[in-house]
Structures are given as structure tokens and as C-alpha cells.
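These come from TrEMBL:
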ACT_SITE  Lys14  active site
DOMAIN    69-146  domain 'GHMP kinase N-terminal'
BINDING   Pro97, Met98, Gly99, Gly100, Gly101, Ile102, Gly103, Gly104, Gly105, Ser106, Ser107  ATP binding site
ACT_SITE  Asp139  active site
DOMAIN    208-262  domain 'GHMP kinase C-terminal'
Amino acid sequence: MNSSQSLTLPAPAKLNLMLHIVGKNERNYHLLQTVFQLLDYGDELTFEVNNRGSVTLDCNAPQLINDNNLVLKAAQLLRPYAADNAGVHITLEKRLPMGGGIGGGSSDCATTLLALNKLWQCELSLDTLANLGLHLGADVPVFVKGKTAWAEGIGEQLTAHKLPELWYLVVHPECFVSTEKIFSNKALTRDSEISKIRDFLAQGGPRRGSNVMEPVVFDLYPDVKKVRDWLLQFNPDARMTGSGSCLFAPFDNEREARKIACRCEWPNFVARGVNTSPVHTKLFE
Ligand SMILES: C[C@@](CO)(OP(=O)(O)O)[C@H](O)COP(=O)(O)OP(=O)(O)OC[C@H]1O[C@@H](n2ccc(N)nc2=O)[C@H](O)[C@@H]1O
Ligand SMILES: Nc1ncnc2c1ncn2[C@@H]1O[C@H](COP(=O)(O)OP(=O)(O)O)[C@@H](O)[C@H]1O
């Protein structure tokens, strides 16, 4: 390990273009069918390695500087595979809204696994990193594997799939939705018919897709529904990602997306859907 090494990497957001629940596993986790669309927008992390064995975090969102941060948990998970004196100082530039269903925490975690695997020369495969990451969150593996994908299981059985790289307006209703609260709601549909990626593609691909969490979230959080209804005026394909609270609408080009963004009174961003994660592009291409 070269103790003067430093690396800056993105941590992209994801959208769930559709999300169905088809059952539960033995640990009572829900079995999903979903399409993960990676975006070219997200947080940014800088890793400065040291040989003092210390792992520290700095962040522009001070409430995130604590031992529960998935970035620190990821670093601790890799420590056994690194030299005894391997350490790192991580700077997290948080841009993605939290609890928004766009996977910011999971993506930060995955970027940390990928970065430290390289900097600490752990030499773990992507499959091993994805399996390790799964212990920290169901959404971590897709960010480690770095491909837009059809996912099953709890989101870890991934089949990479190239989709048209549309532009997305993503709007945050400034309301935090607890993923656990939505998954444990009695009204949630848990018996969706099992489908295939070809069904998603036949029904309109990235433009269309249903999310079974929407009715539950809209009922509990009227502010989320309000944003969805606002977006529907401009785009009939507007919908929610993951367990919310973010809503998104697909567009053919950036200009159309930005035109609506200008009129939006809630925090928002415009990003392009990408088939390969910007982390992978920077690390491996
Ligand atoms: C719903 C999805 C869709 O991509 O995304 P988000 O909306 O959170 O971004 C994910 O499945 C969320 O994954 P993630 O956010 O990593 O969830 P975790 O931290 O692993 O789990 C939070 C809690 O949700 C419940 N949970 C999670 C995943 C799953 N397949 N079944 C569950 O029942 C569990 O009670 C768990 O304790
Ligand atoms: N690096 C991180 N960035 C964001 N949230 C984090 C991070 N580490 C841990 N968390 C915790 O995870 C929770 C939600 O994570 P996030 O990934 O933003 O939401 P979602 O799973 O809805 O996309 C936050 O409330 C926060 O307490």
C-alpha cells in the first residue's frame, strides 16, 4: 500500500423503474422483482490512505459523521482483508437526498468497497464485494456490480440489461420515508404475478412501470402524492422510486427534463440514465 495514495470517486443514484413484491424469504425479507436504473448523478467520495490503521470520516452533512454511516461500516468490513496498518480518511460530499429511494447510502457504501478493495489491495472479486455489501443493505450489490439491471431475490440476483439511456427529472418532496415502515405495512401488495424483464420491455420499458409501494406511501405521506400529481401534469409516466419519497419522470432529452425542472418548487435534479456506473467507468475503463 502506498500511503500517499488518494482517489476521488462518484457514488451514483439509482431509480427503480418498476418494483413488484412476489413473496418473502426465510428471514422475512421481501422478495422483489425490480429494474435498477443507474444515473450519472450522485455523491462524491475522496479516499486518502494512511498506514496508521485509522479509519475516519468527514462529511458536508455533519449528522452523517457517526459509526452507523455505511461508508465507515464498509471500511470496517474490508479491514480483515487488508494489511494490519491499512487506514483511510474518507471525505463524503453528500448531494443525494436521504431516505429518498434513490440509494444514496447504499451507493456510498458500494463506492467505499470498490475504492478500498483497490487502495488496500484486498483483491476481492466483484461477486465477493457484492456479497459482503449485501450484509449492509439490499441495494448495495447493484452499485458494486455497476450495471443497470433486472433484479430478483431481495435485489441481489442481478442480470445486467442495457436500456435506452433516457433523461430523468428526479424530485424530492422533502419528506423522509422509512423503508422498513413501508415494507411492514399490512396494505402492501406482496403477491404480484411473477414476471420477466421481457414483460417490462413489452409494456414500454423505462417509460412505464408500476411500483406496488406507491399506494401505501401515497396514503401515509400525502406530500409525496402531491408531487406525483404535479409531475403527472407534464409527464404521464411520472412515478415513485423504491420506497420513496422521490418521484421521477423520464424524458427523451435533457432540454425537456430541464424545462420542467425550472418550474418545480421542490428540490430536484436532472440526470441521465446510464447502463454502466460512473464508478466502474472511472475505475475499470
Ligand atoms: C425498497 C428498495 C428498492 O430498491 O430501495 P429503497 O427505497 O430503500 O432505496 C430496497 O429493496 C431497500 O433496500 P435497502 O434500503 O438497502 O434496505 P435495507 O436497509 O436492507 O432494509 C431496511 C428494512 O426494510 C425491510 N426490507 C428490506 C428489503 C427487502 N427486500 N425486504 C424487506 O423487508 C427490512 O425490514 C429491513 O430491515
Ligand atoms: N452514507 C450515507 N448516506 C446516506 N444515508 C446514510 C449513509 N449511511 C447511513 N445512512 C442512513 O441510511 C438512511 C437512508 O439511506 P438512503 O440510502 O439515503 O435512503 P434510501 O434507502 O431510501 O435510498 C439515512 O437515514 C441514514 O441514517
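Backbone N, Cα and C define each Cβ position, glycine as well.
Unlike curated records, TrEMBL annotations are generated automatically.
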TODO: Just jot down the residues in the same chain as Gly99 (ATP binding site), at least 6 apart in sequence, with C-beta under 8 A of its C-beta; none if empty.
DONE: Phe176, Val177, Ser178, Thr179, Ser245
Open item on the list: Near ligand 1, which of the recorded positions show up if the criterion is a Cβ under 6 Å from one of its atoms? Options: Lys14, Pro97, Ser107.
Closed with: none
Open item on the list: Going by DSSP assignments with H, G and I as helix and E and B as strand, what are the residue counts for the domain 'GHMP kinase N-terminal' (69-146)?
Closed with: 43 helix, 7 strand, 28 coil
Open item on the list: Using the alpha carbons only, what distance in Å do you get between Gly101 (ATP binding site) and Asp139 (active site) once rounded?
Closed with: 10
Open item on the list: Filtering Pro97, Gly103, Gly105 (binding-site residues) by proximity to ligand 2: which pass a Cβ cutoff of under 6 Å to any of its atoms?
Closed with: Gly103, Gly105
TODO: For Gly101 (ATP binding site), just count the other CB atoms lying within 10 A of its CB, please.
DONE: 30
Open item on the list: Name the residue among the binding-site residues Gly103, Gly105 whose Cβ has the smallest number of other Cβ atoms within 10 Å.
Closed with: Gly105
Task: Alpha-carbon spacing, Gly105 (ATP binding site) to Asp139 (active site), which is rounded to whole Å - done: 9
Open item on the list: Between the Cα atoms of Lys14 (active site) and Asp139 (active site), what distance do you get, rounded to the nearest Å?
Closed with: 9
TODO: For Ser107 (ATP binding site) and Asp139 (active site), determine the Cα separation and express it in whole Å.
DONE: 8
Task: Inter-residue Cα distance where the pair is Gly103 (ATP binding site) and Asp139 (active site), in Å - done: 7
- [ ] Please work out the helix, strand and coil residue numbers for the domain 'GHMP kinase C-terminal' (208-262) from the DSSP assignment.
- [x] 27 helix, 8 strand, 20 coil
